[in-house]
Amino acid sequence: MPELPEVETVRRGLNSLVKGRTITNVEIYYDKIIIGSVADFQHQLVGAKILDIGRRAKYLLFHFDNNLTMISHLRMEGKYQVRASKADFDKHVHIVFHLDDGKFLGYRDVRKFGKMQLVPTTEELQGKAIAALGPEPLTPEYTLAALQQGLQRRKKSIKATLLDQHVVSGLGNIYVDEVLWRAQIHPEEPANKVTEQQVAALYPIINDEIKTAIAAGGTTVRSYVDATGHEGTFQLQLHVYNQEGHPCERCGTIIKKIKVAGRGTHFCPQCQTLNP
Ligand SMILES: [Zn+2]
(Lines of atoms letter the chains of each structure in order from A; the text may use other names.)
(Lines give C-alpha, C1' and ligand atoms only; values in the text may rest on other atoms or scores of the structure.)
Protein backbone atom coordinates (compact mmCIF):
# COMPACT_ATOMS: atom_id res chain seq x y z
CA MET A 1 0.00 0.00 0.00
CA PRO A 2 1.44 3.39 -0.88
CA GLU A 3 2.13 5.37 2.28
CA LEU A 4 2.68 9.12 2.68
CA PRO A 5 6.20 9.18 1.16
CA GLU A 6 5.06 7.22 -1.88
CA VAL A 7 2.01 9.45 -2.38
CA GLU A 8 4.23 12.52 -2.03
CA THR A 9 6.54 11.04 -4.67
CA VAL A 10 3.56 10.44 -6.95
CA ARG A 11 2.38 14.02 -6.32
CA ARG A 12 5.74 15.46 -7.35
CA GLY A 13 5.85 13.24 -10.42
CA LEU A 14 2.35 14.28 -11.45
CA ASN A 15 3.12 17.97 -11.00
CA SER A 16 6.12 17.62 -13.30
CA LEU A 17 4.08 15.70 -15.89
CA VAL A 18 0.54 17.12 -16.00
CA LYS A 19 0.41 20.43 -14.11
CA GLY A 20 -0.96 23.15 -16.41
CA ARG A 21 -2.58 20.65 -18.77
CA THR A 22 -6.27 20.87 -19.66
CA ILE A 23 -8.40 17.74 -19.71
CA THR A 24 -10.10 17.28 -23.08
CA ASN A 25 -11.94 14.01 -22.41
CA VAL A 26 -12.41 11.48 -19.61
CA GLU A 27 -13.02 7.77 -20.20
CA ILE A 28 -14.21 5.67 -17.29
CA TYR A 29 -14.20 1.87 -17.56
CA TYR A 30 -14.97 1.07 -13.92
CA ASP A 31 -17.62 3.31 -12.36
CA LYS A 32 -17.14 2.31 -8.75
CA ILE A 33 -13.87 4.20 -8.49
CA ILE A 34 -15.88 7.43 -8.75
CA ILE A 35 -17.74 8.61 -5.65
CA GLY A 36 -20.91 10.39 -6.78
CA SER A 37 -22.30 10.80 -10.29
CA VAL A 38 -20.03 9.41 -12.99
CA ALA A 39 -21.71 11.58 -15.63
CA ASP A 40 -21.12 14.74 -13.56
CA PHE A 41 -17.52 13.73 -12.95
CA GLN A 42 -16.89 13.42 -16.69
CA HIS A 43 -18.86 16.50 -17.62
CA GLN A 44 -17.22 18.75 -15.02
CA LEU A 45 -13.67 17.69 -15.82
CA VAL A 46 -13.76 18.17 -19.58
CA GLY A 47 -12.23 21.59 -20.23
CA ALA A 48 -10.77 21.87 -16.73
CA LYS A 49 -7.15 22.89 -16.37
CA ILE A 50 -4.97 21.24 -13.72
CA LEU A 51 -3.62 24.14 -11.65
CA ASP A 52 -1.68 22.06 -9.16
CA ILE A 53 -1.63 18.71 -7.44
CA GLY A 54 -1.55 18.91 -3.65
CA ARG A 55 -1.78 16.31 -0.95
CA ARG A 56 -3.22 15.74 2.50
CA ALA A 57 -1.78 12.61 4.14
CA LYS A 58 -2.37 9.87 1.55
CA TYR A 59 -4.97 11.79 -0.46
CA LEU A 60 -3.92 13.47 -3.70
CA LEU A 61 -5.73 16.76 -4.38
CA PHE A 62 -6.00 17.79 -8.03
CA HIS A 63 -6.95 21.47 -8.07
CA PHE A 64 -8.67 22.62 -11.26
CA ASP A 65 -9.34 26.11 -12.62
CA ASN A 66 -13.13 25.62 -12.40
CA ASN A 67 -13.14 25.73 -8.61
CA LEU A 68 -13.30 21.96 -8.30
CA THR A 69 -10.83 19.67 -6.62
CA MET A 70 -10.49 15.97 -7.33
CA ILE A 71 -9.65 13.95 -4.24
CA SER A 72 -7.82 10.79 -5.29
CA HIS A 73 -7.14 8.04 -2.80
CA LEU A 74 -4.88 5.34 -4.18
CA ARG A 75 -5.73 2.89 -1.38
CA MET A 76 -3.99 -0.46 -2.00
CA GLU A 77 -2.49 -0.32 -5.46
CA GLY A 78 -3.72 2.72 -7.37
CA LYS A 79 -1.20 4.52 -9.52
CA TYR A 80 -1.00 7.07 -12.30
CA GLN A 81 0.72 6.67 -15.63
CA VAL A 82 1.32 9.25 -18.35
CA ARG A 83 1.60 7.80 -21.84
CA ALA A 84 1.83 9.11 -25.41
CA SER A 85 -0.71 6.60 -26.66
CA LYS A 86 -3.79 4.96 -25.15
CA ALA A 87 -2.50 1.66 -26.54
CA ASP A 88 0.27 1.82 -23.94
CA PHE A 89 -2.23 1.19 -21.13
CA ASP A 90 -3.12 -2.33 -20.02
CA LYS A 91 -6.49 -3.71 -18.90
CA HIS A 92 -5.97 -2.49 -15.34
CA VAL A 93 -6.18 1.17 -16.40
CA HIS A 94 -9.76 2.07 -15.47
CA ILE A 95 -9.82 5.81 -16.05
CA VAL A 96 -8.13 7.72 -18.86
CA PHE A 97 -7.84 11.50 -18.87
CA HIS A 98 -7.08 12.93 -22.31
CA LEU A 99 -4.75 15.92 -22.05
CA ASP A 100 -4.45 18.92 -24.35
CA ASP A 101 -0.83 18.10 -25.19
CA GLY A 102 -2.02 14.88 -26.84
CA LYS A 103 -0.89 12.68 -23.96
CA PHE A 104 -3.00 10.49 -21.69
CA LEU A 105 -3.09 10.28 -17.93
CA GLY A 106 -4.19 6.80 -16.90
CA TYR A 107 -5.32 5.62 -13.49
CA ARG A 108 -4.27 2.00 -13.03
CA ASP A 109 -5.58 -0.05 -10.13
CA VAL A 110 -5.33 -3.84 -10.20
CA ARG A 111 -7.48 -4.34 -7.12
CA LYS A 112 -9.85 -1.43 -7.87
CA PHE A 113 -9.99 -0.21 -4.27
CA GLY A 114 -8.99 3.37 -5.11
CA LYS A 115 -11.49 6.22 -5.06
CA MET A 116 -11.90 9.59 -6.80
CA GLN A 117 -14.29 12.35 -5.88
CA LEU A 118 -14.89 15.84 -7.21
CA VAL A 119 -15.68 18.47 -4.59
CA PRO A 120 -15.79 22.26 -4.60
CA THR A 121 -12.32 23.69 -3.95
CA THR A 122 -12.00 24.83 -0.29
CA GLU A 123 -14.19 21.88 0.77
CA GLU A 124 -11.60 19.23 -0.01
CA LEU A 125 -10.42 18.97 3.59
CA GLN A 126 -13.91 18.94 5.10
CA GLY A 127 -14.99 15.40 4.19
CA LYS A 128 -15.29 13.07 7.16
CA ALA A 129 -12.23 10.96 6.42
CA ILE A 130 -9.85 13.85 5.76
CA ALA A 131 -11.17 16.09 8.55
CA ALA A 132 -10.47 13.34 11.10
CA LEU A 133 -6.78 13.12 10.16
CA GLY A 134 -4.24 14.16 12.76
CA PRO A 135 -1.37 16.53 12.09
CA GLU A 136 1.12 15.48 9.46
CA PRO A 137 4.87 15.03 10.04
CA LEU A 138 7.04 17.92 8.80
CA THR A 139 4.24 20.48 9.26
CA PRO A 140 3.92 23.16 11.99
CA GLU A 141 0.80 21.39 13.36
CA TYR A 142 2.82 18.30 14.25
CA THR A 143 4.39 19.23 17.61
CA LEU A 144 5.84 17.26 20.51
CA ALA A 145 2.97 18.49 22.70
CA ALA A 146 0.36 17.33 20.18
CA LEU A 147 1.99 13.90 19.98
CA GLN A 148 2.23 13.61 23.76
CA GLN A 149 -1.37 14.64 24.32
CA GLY A 150 -2.64 12.36 21.59
CA LEU A 151 -0.85 9.34 23.01
CA GLN A 152 -1.89 10.07 26.59
CA ARG A 153 -5.53 9.89 25.64
CA ARG A 154 -5.32 6.42 24.09
CA LYS A 155 -5.13 3.05 25.74
CA LYS A 156 -4.70 0.89 22.67
CA SER A 157 -1.24 -0.16 21.50
CA ILE A 158 1.17 2.44 20.19
CA LYS A 159 1.23 0.55 16.90
CA ALA A 160 -2.57 0.72 16.51
CA THR A 161 -2.56 4.35 17.60
CA LEU A 162 0.03 5.45 15.07
CA LEU A 163 -1.75 3.46 12.34
CA ASP A 164 -5.19 4.95 12.93
CA GLN A 165 -4.13 8.45 11.69
CA HIS A 166 -5.89 10.48 14.40
CA VAL A 167 -2.85 11.38 16.51
CA VAL A 168 -0.48 11.75 13.60
CA SER A 169 -1.35 11.11 9.96
CA GLY A 170 0.66 9.57 7.17
CA LEU A 171 2.35 6.66 8.89
CA GLY A 172 1.40 3.24 7.55
CA ASN A 173 2.53 -0.23 8.51
CA ILE A 174 6.10 -0.05 7.22
CA TYR A 175 6.96 3.31 8.76
CA VAL A 176 5.30 2.59 12.11
CA ASP A 177 7.46 -0.53 12.52
CA GLU A 178 10.54 1.47 11.56
CA VAL A 179 9.96 4.44 13.88
CA LEU A 180 9.13 2.19 16.84
CA TRP A 181 12.33 0.20 16.29
CA ARG A 182 14.36 3.41 16.07
CA ALA A 183 12.75 4.84 19.23
CA GLN A 184 13.02 1.46 20.98
CA ILE A 185 9.33 1.20 21.82
CA HIS A 186 7.51 -2.15 21.92
CA PRO A 187 4.71 -2.11 19.32
CA GLU A 188 2.23 -3.51 21.87
CA GLU A 189 3.00 -0.84 24.48
CA PRO A 190 -0.28 0.91 25.36
CA ALA A 191 -0.05 4.44 23.92
CA ASN A 192 -0.69 6.07 27.30
CA LYS A 193 2.13 4.00 28.87
CA VAL A 194 4.79 5.24 26.48
CA THR A 195 7.13 7.30 28.68
CA GLU A 196 7.79 10.99 28.21
CA GLN A 197 11.38 10.19 27.23
CA GLN A 198 10.19 7.68 24.65
CA VAL A 199 7.76 10.19 23.14
CA ALA A 200 10.54 12.78 23.06
CA ALA A 201 12.70 10.27 21.16
CA LEU A 202 9.85 9.22 18.87
CA TYR A 203 8.79 12.74 17.87
CA PRO A 204 11.85 13.74 15.77
CA ILE A 205 12.28 10.18 14.49
CA ILE A 206 8.83 10.35 12.84
CA ASN A 207 9.82 13.57 11.05
CA ASP A 208 13.18 12.15 10.05
CA GLU A 209 11.69 8.87 8.81
CA ILE A 210 9.17 10.62 6.56
CA LYS A 211 11.75 13.13 5.31
CA THR A 212 14.28 10.41 4.49
CA ALA A 213 11.65 8.23 2.82
CA ILE A 214 10.42 11.12 0.65
CA ALA A 215 14.01 11.92 -0.33
CA ALA A 216 14.45 8.28 -1.38
CA GLY A 217 11.26 8.42 -3.46
CA GLY A 218 9.34 6.12 -1.14
CA THR A 219 9.57 2.42 -0.56
CA THR A 220 9.00 -0.16 -3.24
CA VAL A 221 7.13 -3.08 -1.79
CA ARG A 222 5.13 -5.17 -4.23
CA SER A 223 3.92 -3.02 -7.07
CA TYR A 224 4.41 0.59 -6.09
CA VAL A 225 5.91 2.77 -8.82
CA ASP A 226 5.72 6.57 -8.99
CA ALA A 227 4.05 8.54 -11.78
CA THR A 228 7.28 8.73 -13.77
CA GLY A 229 7.85 4.97 -13.57
CA HIS A 230 10.76 5.13 -11.15
CA GLU A 231 10.81 2.78 -8.21
CA GLY A 232 11.52 4.17 -4.76
CA THR A 233 14.69 3.05 -3.02
CA PHE A 234 13.75 3.43 0.62
CA GLN A 235 13.45 -0.34 1.05
CA LEU A 236 17.25 -0.35 1.07
CA GLN A 237 17.14 1.64 4.32
CA LEU A 238 14.62 -0.47 6.26
CA HIS A 239 15.91 -1.66 9.64
CA VAL A 240 13.14 -3.88 10.87
CA TYR A 241 10.29 -4.13 8.38
CA ASN A 242 10.43 -7.48 6.53
CA GLN A 243 13.61 -8.32 8.48
CA GLU A 244 12.17 -11.19 10.55
CA GLY A 245 14.78 -13.90 11.10
CA HIS A 246 17.62 -11.43 10.57
CA PRO A 247 19.76 -10.05 13.40
CA CYS A 248 18.87 -6.63 14.79
CA GLU A 249 21.37 -4.03 13.54
CA ARG A 250 21.64 -2.59 17.03
CA CYS A 251 21.96 -5.66 19.25
CA GLY A 252 22.17 -8.78 17.09
CA THR A 253 18.97 -10.33 18.47
CA ILE A 254 16.80 -12.01 15.83
CA ILE A 255 13.96 -9.72 14.64
CA LYS A 256 10.52 -11.19 15.32
CA LYS A 257 7.27 -10.85 13.42
CA ILE A 258 3.99 -10.80 15.34
CA LYS A 259 0.45 -9.53 14.71
CA VAL A 260 -0.51 -6.24 16.32
CA ALA A 261 -3.72 -4.40 15.41
CA GLY A 262 -4.27 -7.07 12.79
CA ARG A 263 -1.09 -6.14 10.94
CA GLY A 264 2.20 -7.98 10.50
CA THR A 265 4.54 -6.25 12.94
CA HIS A 266 8.32 -6.47 13.09
CA PHE A 267 10.33 -5.69 16.21
CA CYS A 268 13.45 -6.56 18.17
CA PRO A 269 12.51 -8.45 21.35
CA GLN A 270 15.73 -7.27 23.00
CA CYS A 271 15.74 -3.52 22.37
CA GLN A 272 11.96 -2.99 22.22
CA THR A 273 10.58 -4.27 25.53
CA LEU A 274 7.32 -3.44 27.28
CA ASN A 275 7.65 -0.80 30.00
CA PRO A 276 7.48 -2.14 33.58
ZN1 LIG B 1 17.84 -5.07 18.97
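Yeah, the Cβs are placed from backbone N, Cα and C, and that goes for glycine too.
Features reported for this protein in TrEMBL:
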DOMAIN    2-114  domain 'Formamidopyrimidine-DNA glycosylase catalytic'
ACT_SITE  Pro2  active site, schiff-base intermediate with DNA
ACT_SITE  Glu3  active site, proton donor
ACT_SITE  Lys58  active site, proton donor
BINDING   His92, Arg111, Arg154  DNA binding site
DOMAIN    239-273  domain 'FPG-type'
ACT_SITE  Arg263  active site, proton donor
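Structural mapping of features recorded in TrEMBL.
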{"residue": "Pro2", "record": "active site, schiff-base intermediate with DNA", "Cβ within 10 Å": "27"}
{"residue": "Glu3", "record": "active site, proton donor", "Cβ within 10 Å": "23"}
{"residue": "Lys58", "record": "active site, proton donor", "Cβ within 10 Å": "24"}
{"residue": "His92", "record": "DNA binding site", "Cβ within 10 Å": "16"}
{"residue": "Arg111", "record": "DNA binding site", "Cβ within 10 Å": "11"}
{"residue": "Arg154", "record": "DNA binding site", "Cβ within 10 Å": "17"}
{"residue": "Arg263", "record": "active site, proton donor", "Cβ within 10 Å": "15"}
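Looking at His92 (DNA binding site) and Pro2 (active site, schiff-base intermediate with DNA), their Cα atoms lie 17 Å from each other. Here DNA is bound by His92, Arg111, Arg154 per the record. The longest Cα to Cα distance in that group is 40 Å. Checking each of the recorded positions Lys58, Arg111, Arg154, Arg263 against Glu3 (active site, proton donor) by C-alpha distance, the shortest gap belongs to Lys58. Mean predicted confidence for the domain 'FPG-type' (239-273): the pLDDT average there is 96.
Arg154 (DNA binding site) carries neither a helix nor a strand DSSP state and counts as coil. Cα spacing between Arg154 (DNA binding site) and Arg263 (active site, proton donor): 19 Å, rounded to the nearest whole number. Outside the domain 'FPG-type' (239-273) by six or more residues, the chain places 156-157, 159-160, 163, 173-174, 177-178, 180-182, 184-188, 221 with a CB less than 8 A from a CB of the stretch.
Checked against Pro2 (active site, schiff-base intermediate with DNA) by C-alpha proximity, the recorded positions Lys58, Arg111, Arg263 yield Lys58 as the nearest.
Note: the Cα of Lys58 (active site, proton donor) and the Cα of Arg111 (DNA binding site) are spaced 17 Å from each other. Between Arg263 (active site, proton donor) and Arg111 (DNA binding site), the C-alpha separation comes to 19 Å.
In terms of DSSP secondary structure, the domain 'FPG-type' (239-273) contains 0 helix, 12 strand, 23 coil.
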